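Attaching a single structure in structure tokens format; questions to follow.
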Amino acid sequence: MINTPPPIILASASPRRRELLALLGVPFDVRAADVDETPLPGEPPAEYPKRLSLLKARAVAETLAAGIVIGADTAVIHRGDILGKPANADEARAMLQRLRGERHRVISGITVIEVATGKTITEACESTVFMRAMSDEEIEAYIASGDPMDKAGAYAVQNVEFAPVQKVVGCPANVMGLPVCHVVRNLRRLGVNLPDTPPTHCDIRYGYHCAITNYVMPDVEQQT
Ligand SMILES: Cc1cn([C@H]2C[C@H](O)[C@@H](COP(=O)(O)OP(=O)(O)OP(=O)(O)O)O2)c(=O)[nH]c1=O
């Protein structure tokens, strides 16, 4: 008898997460999870994306009888404040103006749930991002492009025209919304058979790019 592997379900509406997960070369389905993303009063910024990734994965897992569900959430943290997705152009402007020329943390929480057993793993991945000093005019043009509106912190590291990031310390895929190496590690922990993946930031020093995403950053410093 041939054992069919459990389906993988990405609990996300984010096109970036879909693209990043697709790089692993395994089939998966996508189900958006609609959860309340309001931070809890006094919630430590580092806990927030972990809690939301768990909420998203659980919301989808509850609707399924089998499979492995992946939930993720990405938060930009600047001077102790959590910056989510901007609600409007004014918020986008305020976020970009406070982030320019400064460094901030990007933390993604990821949760994997094995539906049949309820086995759940939640982790966080943190990168440090240094933004370039951008002018008010550049910020206005970027807002007019519409790109900031569905991004935490109102920017996309992957936007090559605006190129808002000077340097990333840590994993660039994490900044884009899905730390792929963490996903690989945790799917394997749940017994998922994945094709070999190239070495990445999370396991060895590997040049100035992420070997899974093949995403070349302006200046990515490796972490050991
Ligand atoms: C900082 C940053 C965020 N992002 C994106 C990734 C996420 O899609 C988004 C952060 O918002 P999230 O709330 O983490 O995710 P989402 O609402 O887009 O999707 P879902 O909850 O359905 O999974 O910002 C980038 O694409 N590039 C970046 O540089």
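Heads up, the Cβ atoms here are built off N, Cα and C, so glycines get one too.
Just so you know, TrEMBL annotations are computer predictions that nobody has curated.
So TrEMBL lists these for the protein:
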type: SITE; residues: R16; note: site 'Important for substrate specificity'
type: ACT_SITE; residues: D73; note: active site, proton acceptor
type: SITE; residues: T74; note: site 'Important for substrate specificity'
type: SITE; residues: Q158; note: site 'Important for substrate specificity'
Please report the Cα separation of D73 (active site, proton acceptor) and Q158 (site 'Important for substrate specificity') in Å, rounded to an integer.
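Taking the Cα atoms only, D73 (active site, proton acceptor) lies 17 Å from Q158 (site 'Important for substrate specificity').
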Can you tell which of T74, Q158 has the most other C-beta atoms within 10 Å, given these are the recorded sites?
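When each Cβ's neighbours within 10 Å are tallied, T74 tops the list.
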Round to a whole number and give the Cα-to-Cα distance in Å for the pair R16 (site 'Important for substrate specificity') and T74 (site 'Important for substrate specificity').
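Here the two Cα atoms are 11 Å apart.
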Could you state the whole-number distance in Å separating the C-alpha atoms of T74 (site 'Important for substrate specificity') and Q158 (site 'Important for substrate specificity')?
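Roughly 15 Å, rounded to the nearest whole number.
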Which site among R16, D73 has the most other CB atoms no more than 10 Å from its CB, taking these as recorded positions?
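Max Cβ neighbours within 10 Å, all protein chains included: D73.
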Taking DSSP three-state, what's Q158 (site 'Important for substrate specificity') in: helix, strand or coil?
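Q158 (site 'Important for substrate specificity') sits in coil per DSSP, no helix or strand.
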What three-state class does DSSP give the residue listed as 'active site, proton acceptor'?
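Its secondary structure by DSSP: strand.
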